[in-house]
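Features of the protein shown, as given by TrEMBL:
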type	residues	note
DOMAIN	60-148	domain 'PPIase FKBP-type'
DOMAIN	172-260	domain 'PPIase FKBP-type'
DOMAIN	284-372	domain 'PPIase FKBP-type'
DOMAIN	396-484	domain 'PPIase FKBP-type'
DOMAIN	495-530	domain 'EF-hand'
DOMAIN	540-575	domain 'EF-hand'
Amino acid sequence: FNLLYFAFSSITMIKCAQGVLYLSVLVTFAACNAPPVPLDDILIEKTSVPEQCVRAVKVGDFVRYHYIGTFPDGNKFDSSYDRGSTYNVFVGKKQLIEGMDKALVGMCINERRLVKIPPQLAYGKQGYGDIIPPDSILHFDVLLLDVWNPEDGVQINTYHTPSVCSRKVEVSDYVRYHYNGTLLDGTLFDSSHTRMRTYDTYVGIGWLIAGMDQGLLGMCVGERRIITMPPSLGYGENGDGSDIPGQASLVFDVVLLDLHNPRDGITVTNQVVPESCTRKTVSGDYVRYHYNGSLLDGTFFDSSYSRNRTYDTYVGRGYVIAGMDEGLIGVCIGERRTITIPPHLGYGEEGTGTKIPGSAVLVFDVHIIDFHNPTDNTEITVTFKPDECDRQTKKGDFVKYHYNASLMDGTSIDSTYNYGKTYNIVLGANQVVPGMEDGLMDMCVGERRHLVIPPHLGYGERGVTGEVPGSAVLVFDIELVEMEEGLPEGYMFIWNDEVSPDLFSEMDKNSDKEVEPSEFTDYIMRQVTEGKGRLAPGFDPYRIIDNMFSNQDRNGDGKITEAEFKLKADEAAAHDEL
């Protein structure tokens with residue numbers, strides 16, 4: 001019987017003790033439901049263990065924990081939860097009952113333990129007032145929330161480093177970063193992400209808690225790191241009064257988006273300068289350029305390419321932000337460069353609202369398409385001139401020429417060669433843009449020229465829809481193919497021979513003392529055909545003759561009388577006629 005009772009009691013003991021850690025082995029032959037026997041040491045049951053334990057409590061550490069204290073019969077005598085605050089204390093410094101001092105050693109954050117403490121390691125034979133009777137065994141359900149040591153400093157764990165880091169945070173730099181702030185047990189107390197706005201501040205000059213001031217130093221834009229700090233470098237004994245309790249370790253998961261220093265100027269990098277650069281921009285020039293605009297972390301905010309139109313502006317005159325004004329000085333046509341602009345030379349503390357946040361560093365990848373100055377004239381370069389050049393073009397001449405037209409970046413606009421015929425105009429008759437008029441003057445047949453025409457002598461601010469952008473500098477390669485000498489200024493018809501003394505009678509075929517339009521037209525055309533006279537070249541001859549007739553028809557009755565008829569030399573006022 002005694003052997004059977006021993007075996008039964010042992011099996012029952014093993015079953016009841018499953019999962020229990022004994023610090024002092026108790027040998028008993030009592031059943032599980034027998035009256036409690038005295039404990040020699042604490043008894044610990046780990047009821048919840050975190051997957052990772054980055055730090056365990058050591059003697060001398062300061063801990064924050066929640067607990068529920070009960071007697072073996074389950075009656076509660078105390079609870080930190082009821083008070084709404086953790087119990088905060090140093091471990092191993094006799095600030096706790098001896099059993100709790102031992103039970104907390106080795107615990108991890110978020111670990112939960114059921115601790116049974118014998119009276120000799122608790123309140124002993126004296127008990128504790130009316131709350132804990134003498135010789136009481138105490139049970140504590142403990143949840144560890146925080147641990148730190150007075151020797152702790154800031155701990156940094158960088159878990160993402162950008163491939164390129166041209167600059168790191170230094171003292172007095174101004175930074176923009178996102179963060180999630182948690183307690184050591186993972187409780188979120190704040191996040192810039194939820195506000196959808198970065199936290200912007202100076203570093204190292206006391207604008208932040210000391211731990212964050214230290215933790216941000218050395219970061220690169222795009223870097224992510226976890227910054228853990230003890231309360232002495234956070235919000236100390238009192239916390240922040242709302243979300244952060246006193247004596248709390250803080251954990252910040254930080255991503256750095258931007259940094260600059262108030263002493264910064266613009267930075268020009270990634271320059272690609274064309275081999276031929278005969279001219280660079282100066283203050284007062286008008287520039288056409290494409291750009292992609294982004295923040296320092298690569299966030300895109302604008303692009304001229306997406307609008308399929310260059311950005312056109314004067315430089316050095318305050319028409320653009322100060323950093324861009326400076327960054328566009330000294331560039332060549334075709335040059336590419338990256339201009340990094342600190343906020344005090346960009347959009348400042350306010351930003352632009354939706355696209356550019358306040359205090360943001362701006363990065364512009366720029367491609368210079370063309371530029372000019374309002375004082376520019378047509379630039380003429382003779383690329384070929386024939387050996388014989390007896391006559392040169394002048395105002396009034398009728399010229400025929402070929403051209404290839406393009407923009408300064410090489411974009412083709414038009415070419416007469418595509419049509420297999422020349423472009424024909426009368427110089428000085430406003431039939432082409434003023435810059436082309438200039439470029440065709442004093443030219444020989446067979447001569448070739450390279451013309452650069454500023455927009456105020458070309459197609460101006462409006463350009464030509466679908467062909468020439470507004471404010472575009474034009475490039476023409478021209479060749480004069482043929483020219484016909486024009487008439488003296490003010491004349492639409494001249495005589496090659498002496499003028500007949502009986503001119504009016506010769507026109508008046510029916511001798512009715514009046515010259516009708518048909519008589520006038522027939523006579524002039526006959527003089528041209530016979531080589532006795534010449535009409536201004538390049539115009540519709542009948543329109544010229546109609547104009548000449550109207551000038552002679554003083555009273556506008558559709559007929560010219562002998563009294564009305566006058567030669568050019570006889571006119572008091574100049575008319576484009578005989």
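A Cβ is built for glycine as well, from the same backbone N, Cα and C atoms used for every other residue.
Keep in mind that TrEMBL annotations are predicted by a computer and have not been checked by a curator.
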* Summary of DSSP states over the domain 'PPIase FKBP-type' (396-484), given as helix, strand and coil counts -> 13 helix, 37 strand, 39 coil
* What mean pLDDT does the predicted model reach across the domain 'PPIase FKBP-type' (284-372)? -> 96
* Summary of DSSP states over the domain 'PPIase FKBP-type' (172-260), given as helix, strand and coil counts -> 13 helix, 36 strand, 40 coil
* To do: Tell me the residue counts in helix, strand and coil for the domain 'EF-hand' (495-530), as DSSP assigns them.
  => 18 helix, 3 strand, 15 coil
